[in-house]
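**Q** Questions regarding the structure given below will be posed in turn.
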Amino acid sequence: MARRSREQTAIREQEPSIRKTNFEEVCLGYNLEEGQLEAARCLQCKNAPCIEKCPVMIDIPGFILAIRDGDMAEASEVLSKYTNLPAICGRVCPQEKQCESVCKLGLAKNFEPVAIGKLERLVADWALENEQAVAKRTEPVIGKVAVIGSGPSGLTVAGDLAKEGFDVTVYEALHAPGGVLTYGIPEFRLPKRIVQKEIASIEKLGVTIETNAVIGKTITMDEIMAEFDACYLSVGAGAPNFMGIPGTSLNGVYSSSEYLTRINLMHGYQFPRYDTPTKHSKKVVVIGGGNVAMDAARSAKRLGADEVSVVYRRSLEELPARIEEYHHSVEEDIQYNWLTNPVEYLSNGKGELSGVKCVKMALGEPDESGRRRPVVIPGSEFTIEADTVIEAIGQGSNQVLLSTFPELTLNKWGYVEADSATGATSVPGVFAGGDIVTGAATVILAMGAGKVAAKSMAEYVKEKKQFSPVS
Amino acid sequence: MNKITKCQQLSENEFDIWVEAPRIANKGLPGQFLIVRADEFSERIPLTIVDTNKKEGTIQLIFQVIGKSTAKLATLQAGDTIADVSGPLGVAADIKQYGTVLLVGGGVGIAALYPIVKGLKEAGNRVITILGAKTAELVILQDECRAVSDELIIMTDDGTLGRKGLVTNAMEEVYTRETIDQTWAIGPSMMMKFCTAVASDHDVPVFVSLNPIMIDGTGMCGGCRVTVADSIKFACVDGPEFLGTEVNWDEFIQRMKQYQTEETDSLTMYQKEQMAHGETK
């Protein structure tokens, strides 16, 4: 056998100078030949640590072996046992912190781990193009379940329970399903046609998705409880936080949620073909260091801004964003102000933003998260000229549904209390998972929670039906 | 769902439509609104629920053409379908027995005022209503408001209907002659700002219904944020009804202008397309 390459098989990407002017996908993915080359690097470990580190425990060596053998149908079959959204996870999971972080090949000196995410994506994209629709199940319906929210967690529950023989209805408040996959993560990282196809494949399992249904308003929780045997709450953490510094109400100040919703859900980057406007900003400042901040900054660049800078209160070492996206952003001329925090938004006198007054920070003692706490350096104030500022400092729990459902126990941060082993909440028959339980986290963790909940929901309904058979 | 059952033009730019939306018809309360998207290219825009018909499962919407989205809605006929209608959203108006209430509506804001007038009358209040507009044909829902008011005063800028003058002139008179327990003012932001000033001069509490720029309408973006009693509120979930005296009006009015240029360009382009389309027919 040929010696294993130390490096991952190179992946084709759009040139930075070109891609920073469009919203097309940056990473072009492997073709079959490149995929087979990469698959051959896998050591096929017996007790593969990568499986343990995957929140939905995909048989990673299994699907990689099938790729190596050129059997894409088999690879897809393996993936579909574990995940309902592989084309999405292959693209947006932080593999460097999960499966790829423990790859034995990657742990060998001077070797890069197997590109598991890129391989998953290859298989999933192949399946979306080549596989026949799964026929809708005709076996007797075990029970009726409602899923509130059509983000990654809700879609996972819906897919898993439909496969089990449940009648599943998903309620979505917006006009398009997908949650953060649709309104949050931009086209250049996650093409919406992929999201639509993946959602369509879940609908083909027999799942009904109802859009424009705001639970708590359009339909009450009482009505949901009366109509369904069980329900899964996966409404996410979609209420934007604002820092609340002076000038927050100036024109030109956005939450990242608004900025990205305008662009992604409403196609603002295609204004005026689509009716929702976005601003022609010249100088943009993005506050924050997570994936959302990267997405906002790179979107602003693509909308034609001359200068885009990220203001982050810690340093590169603590940046919570995916390292791949950070590198992409640097290649696209996004500037960084490390150890910097905004203290005031300045006005041009006409109610519009003219600049961001900042202070420099120094790293002090580690806080409860283990990261060194940033402290203000006295007298370090300076101003960055800006006509647009986007706050990407995190989201909290949206109270629209929760405020109408007082029976449900919440924790002190306003998130739903749910058993991590079952997804069960304080109300019998009501399960919950994803960001509404954990606070803003990752797509794959939300899916993992969905997997767990789907299993215990199935058990719950079966047990309930035994004691009270359908008349 | 979302099929238009009836439509009529009220004035040059104002339209009145009834839409099939049984769930919303069942749940909608005075003061609540909807998010409407005319077609797959459209914006999501907020419109107040004017009236509901639970039996037929329909809701009434009244809108004024001020931009591309409303211009598109105005082209729809009975039998056509609106792509998306989501709601009822926002907190309902605080309808209860106050005693004597004064309700003030301006322009297309009368459409948002009417369900509150009706609700307050049903709750047993003595209701005095003031309607104001630039000119006679813009005083919408006159008969409907008259039917649920103990007294109706109409003011027009040009004196073509009722009395010539501003709604605030009529408010002064009513406050001077009798005790009012609660006031509502709904209309253009400048009107609501001045109505708030008049009501508070007379120590009458006043509710206003804010209509900022919205996108989702469910509290997930903060585009509709307003400063109320010195803290940030989202009009779509915390409102749209607030105490007028607690609203930072100058900031609110400023934020309404955010997309003026883009909105004008978008409408002009649409109208040109429509004209070109018409000529080729």
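Cβ atoms here come from the backbone N, Cα and C positions, even for glycine.
As the structure is a computational prediction, the values presented were derived from the model and not from experiment.
Residues annotated as FAD binding site in TrEMBL: B:I62, B:F63, B:Q64. According to TrEMBL, the [2Fe-2S] cluster binding site annotation covers B:C221, B:C224, B:C236.
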**Q** Run a quick check on B:Q64, B:C224, B:C236: which of these binding-site residues have any Cβ-Cβ distance to chain A under 8 Å?
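**A** So none of them sit by chain A.
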**Q** Please classify the secondary structure at B:I62 (FAD binding site) using three-state DSSP.
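**A** The residue in question, B:I62 (FAD binding site), is strand (DSSP, three-state).
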**Q** For the FAD site given as B:I62, B:F63, B:Q64, which other residues of the same chain have their Cβ within 8 Å of the site's Cβ centre?
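**A** Everything else in range on the chain: B:L10, B:E14, B:F15, B:D16, B:L47, B:L61, B:V65, B:T70, B:V108, B:A111.
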**Q** Could you tell me the C-alpha distance between B:C221 ([2Fe-2S] cluster binding site) and B:I62 (FAD binding site) in angstrom, no decimals?
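**A** Spelling it out, the Cα of B:C221 ([2Fe-2S] cluster binding site) and the Cα of B:I62 (FAD binding site) are 26 Å apart.
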**Q** Measuring Cα to Cα, how many Å separate B:Q64 (FAD binding site) from B:C224 ([2Fe-2S] cluster binding site)?
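**A** Cα to Cα, B:Q64 (FAD binding site) and B:C224 ([2Fe-2S] cluster binding site) are separated by 20 Å.
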**Q** Which residue, of the binding-site residues B:I62, B:C221, B:C236, has its CB surrounded by the fewest other CB atoms within 10 A?
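**A** If we count Cβ atoms within 10 Å for the binding-site residues B:I62, B:C221, B:C236, the smallest count is at B:I62.
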**Q** Return the residues near B:F63 (FAD binding site), defined as same-chain residues 6+ apart in sequence whose C-beta is under 8 angstroms from its C-beta, sorted by sequence, else 'none'.
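**A** Once residues fewer than 6 apart are set aside, B:F63 (FAD binding site) is near B:E14, B:F15, B:L47, B:T70, B:L73, B:A74, B:V108, B:A111.
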**Q** Counting only other Cβ atoms and using a 10 Å cut-off, which of the binding-site residues B:Q64, B:C224 scores lowest?
**A** B:Q64
